[in-house]
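Taken verbatim from Swiss-Prot:
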{"type": "ACT_SITE", "residues": "D202", "note": "active site"}
{"type": "ACT_SITE", "residues": "D204", "note": "active site"}
{"type": "BINDING", "residues": "D202, D204, D253", "note": "Ca(2+) 2 binding site"}
{"type": "BINDING", "residues": "D202, D204", "note": "Ca(2+) 1 binding site"}
Amino acid sequence: MNRNPDQNTFPNITLKIIETYLSRVPSVNEYHMLKLQARNIQKITVFNKDIFVSLVKKNKKRFFSDVNTSASEIKDRILSYFSKQTQTYNIGKLFTIIELQSVLVTTYTDILGVLTIKAPNVISSKISYNVTSMEELARDMLNSMNVAIIDKAKVMGRHNVSSLVKNVNKLMEEYLRRHNKSCICYGSYSLYLINPNILYGDIDILQTNSRTFLIDLAFLIKFITGNNIILSKIPYLRNYMVIKDENDNHIIDSFNIRQDTMNVVPKIFIDNIYIVDPTFQLLNMIKMFSQIDRLEDLSKDPEKFNARMATMLEYVRYTHGIVFDGKRNNMPMKCIIDENNRIVTVTTKDYFSFKKCLVYLDENVLSSDILDLNADTSCDFESVTNSVYLIHDNIMYTYFSNTILLSDKGKVHEISARGLCAHILLYQMLTSGEYKQCLSDLLNSMMNRDKIPIYSHTERDKKPGRHGFINIEKDIIVF
């Protein structure tokens, strides 16, 4: 029997908190399920909604001024959401509402509300780079890698972009300045800060509080536009979440990383924003070209890649004094693939203290082998490298999440060989190891190369797991 509790049965304070929140006397089941949430519920109840409404209006004025929404509509949407629990009787939905409201009342002001107050002065820190001088070199390098054959019958997934991306980008530019200890950017926007001729879409970010930020942003968009906003988690991308609107249009995504990982990511400071060091980004680009899908992207729009690569090449030339004279020495390092066991052996003794690197193409096999080694010194850099690294008895063990291209039966294509070398160099940069001579040789090994057709490629590691999501409108959290 679902009876109403009487005041002699339950502690008066807890009952009163729940009763005030629900605007009704809770059932016995509701009381027992919600009593441990009393502290969060009380914070929600005493939260100053008027100040919150004011902050959202200021955010709207600054970042979403072109969205046709009145102040009264924004207020009504906010008050409606903060009273939603009064018309909700499903315990699971009540828990979701409490969790999301708790995020708003405890974090919104510090995360997004702060963007409405006067910002610190921007410290101009740009260096003038001569990107034009690198364009021909970048084009030559990319042309030799433009070897993918596009299957016109292949159905490509469409990436629909929301019209709100430009508004969110404006907000993100300020967010990156205010929260530059916990959020950094990479990709096209970061290169745009170096070279204003770079075109960019959404802003790619790494941060230490991704889930909280995305929830706050999703509600800001919901309150301003009235649209249902959905947050999705993709199982095969580590700690990745994306915000989409009700029509599945992409708004923004983010990777979450630990603070200790954030601390070691190489970065530079431009106009109060930290961006991932373009040297590191260049290595990631070289690594990603081992992915067959990325080569298909190159084939479709080579000029987009050329602008980015030229920018990064000029950065490494200026910063590290790299001389592009074609002297490659031992690059790319020798790579031998065991297709049955899906392991590539890279000979590293010419450059590093460890004599070879065993690159696993299946992450669970690597994890099992590391356990068998009884070694506890592996480094996990999360989505920054999509891999752990371990050096044990002069051998590096690591995982490579991309495809391996073959130029002939059993022969690793030089594009993938360079990608594997870049993957090892990422570790060297993250651990403050030596990498500059190896970097110079790697980049010079990309010069004056003929196109080599792709014979075949390995399949990517299949990641288990299910998609997760937060649906604000339906009060559902599945993770």
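Cβ atoms are placed via backbone N, Cα and C, with glycine included.
The CA atom of D204 (active site) is located 7 Å away from the CA atom of D253 (Ca(2+) 2 binding site).
For the pair formed by D202 (active site) and D253 (Ca(2+) 2 binding site), distance between Cα atoms is given as 9 Å, rounded to the nearest Å. Other than D202, D204, D253, the residues of this chain whose Cβ falls within 8 Å of the Cβ centroid of the Ca(2+) 2 site are, in sequence order, G187, G201, I203, I205, I252, S254.
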